[in-house]
Amino acid sequence: MPVVVVMGAQWGDEGKGKFVDLLAERAQVVVRSTGGSNAGHTVWAGGRQYKLHQVPSGILYPGTLCVIGHGVVLDPPKLLEEMDRLASQGVDLSSLRISGGAHIVFPFHIRLDEAEEDRKGDRKIGTTRRGIGPAYMDKFARVGIRLVDMLDRDEFLPKLTALVEEKNRILEKVYGLPGFTVEEIAEPYLEYAERLRPYVANTVELVNDAIDAGKNVLFEGAQGHLLDIDFGTYPYVTASHPIAAGAIIGAGVGPTKVSRVVGVVKAYTSRVGEGPFPTELHGEEAHRIREEGHEYGTTTGRPRRIGWLDLVMVRYACRVSGITDLAVPHLDTLAKTGLPTLKVCVGYRMPDGTVTREFPVGLKALSQVEPVYEELPNWEWSAEMSTARQYDELPEGARRYVRLIEDVTGVRVSILGVGSERTQAIYRSAIF
């Protein structure tokens, strides 16, 4: 039963888009089932760059069924803008299907997100200010509006009226900001709904039918494990579940149907936004990695925080999500930095002097750990590295780096990335 979940095993931005794109070539169905427009994938194909936020990466393969599931919060104008951009690049969108059960992000969600981040000042979470958290709040408060509601004017308008009245009270009385009229939201969003209507389908049936028929089904995770609302560095997290279990919950698929879970682990660590970061680097080392790795947010454009690879974090992700295979991109980036020595965190030294590989639950405990590093010599960059397609063609230094990852996590590294193009990858084990 070839059902594969691809998820980020760090703080997002690991390079999932490349590996989803690679695996999508062998998939008949690609599913995006968590998060919203706050997540971003950049895929290179044929020398052309495609930036994806809400549309599954499989859309670049004609005929591949691409599904946006229940668990996603949709930003309709952003989604339609993305669809129009892809269409202008020659991408066929006829295979896209969207769940009517997906909740909607409205302008008042975005304004509330911005207002709360501004109010917190130095204590801000570092959200993308896309309204994702407030939209999920409405979902779990059972007052949210779903795409299926927007398709029925008589169903939509009373729900929107009640929600606008509630949000206006908060915006005006708590934040001193102007609210919205029902009319300024209703008419454009009803138009968005009509544009999306041809793509709406019963995605639970579509995905489960495909699985039952033995088709290759790929679940495309958004963000990363350490941003999970339950298992991440709370409260510096997203409002959904980027772990493997979240991918199948958001699509309406049972856990027994998953055959492989691929965790994507960047060869170093990056983070956007606030929160603890035990292996964070500053100065020249961080600058070199950031520039060689083009570490600027797909969604925000913000420079990402950079640090050494943290295998305590990755081991934690492997345990929580039952990761069966690791995919490691950016081996080429480390070589290109020219840094003579690389560090890998293999444990945390606690304040009492003990060393552990357990990831702490509390922020205070995490902020007090001292990374225990293993130092390895960097490998020299050469053009041959990006043309390597066999593991033994890699420099010995890179292979030693991979072995250390496997030793600490206990999980095989099955795919390696040696460049930004989709073809620049090494398979050590077939996923599909």
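Every residue gets a Cβ built from N, Cα and C, even glycine.
Swiss-Prot annotations:
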- 12-18, 40-42, Arg304, 330-332, 417-419: GTP binding site (BINDING)
- Asp13: active site, proton acceptor (ACT_SITE)
- Asp13, Gly40: Mg(2+) binding site (BINDING)
- Asp13, Glu14, Gly15, Lys16, Asn38, Ala39, Gly40, His41, Thr128, Arg142, Gln223, Thr238, Arg302: IMP binding site (BINDING)
- His41: active site, proton donor (ACT_SITE)
- Thr298, Thr299, Thr300, Gly301, Arg302, Pro303, Arg304: substrate binding site (BINDING)
Per-residue Cβ crowding (10 Å cut-off), top of recorded positions Lys18, His41: Lys18
Number of Cβ atoms other than its own within 10 Å, given for Leu331 (GTP binding site): 26
Local Cβ density at Gly40 (Mg(2+) binding site) - other Cβ atoms counted within 10 Å: 20
Thr42 (GTP binding site) and Arg302 (IMP binding site), distance between Cα atoms, whole Å: 15
Collapsed DSSP category at Gln223 (IMP binding site): coil
Neighbour count (Cβ, 10 Å) for the residue listed as 'active site, proton acceptor': 27
Fewest Cβ neighbours within 10 Å, where candidates are the binding-site residues Arg302, Arg304: Arg302
Least Cβ-crowded entry, counting other Cβ within 10 Å, from the binding-site residues listed as Gly12, Gly15, Gly301, Pro303: Gly301
Protein Cβ atoms within 10 Å of Val418 (GTP binding site), excluding its own: 25
Candidates Asn38, Thr128: member of the binding-site residues with the richest Cβ shell (10 Å): Asn38
Most crowded position, judged by CB atoms within 10 A, among Thr42, Gln223 as binding-site residues: Gln223
Cα-nearest neighbour of His41 (active site, proton donor) within the listed binding-site residues, Thr128, Gln223, Pro303: Gln223
Euclidean distance between Cα atoms of Lys18 (GTP binding site) and Arg304 (substrate binding site), Å: 19
Cα separation, Gln223 (IMP binding site) to Gly12 (GTP binding site) (Å, whole number): 4
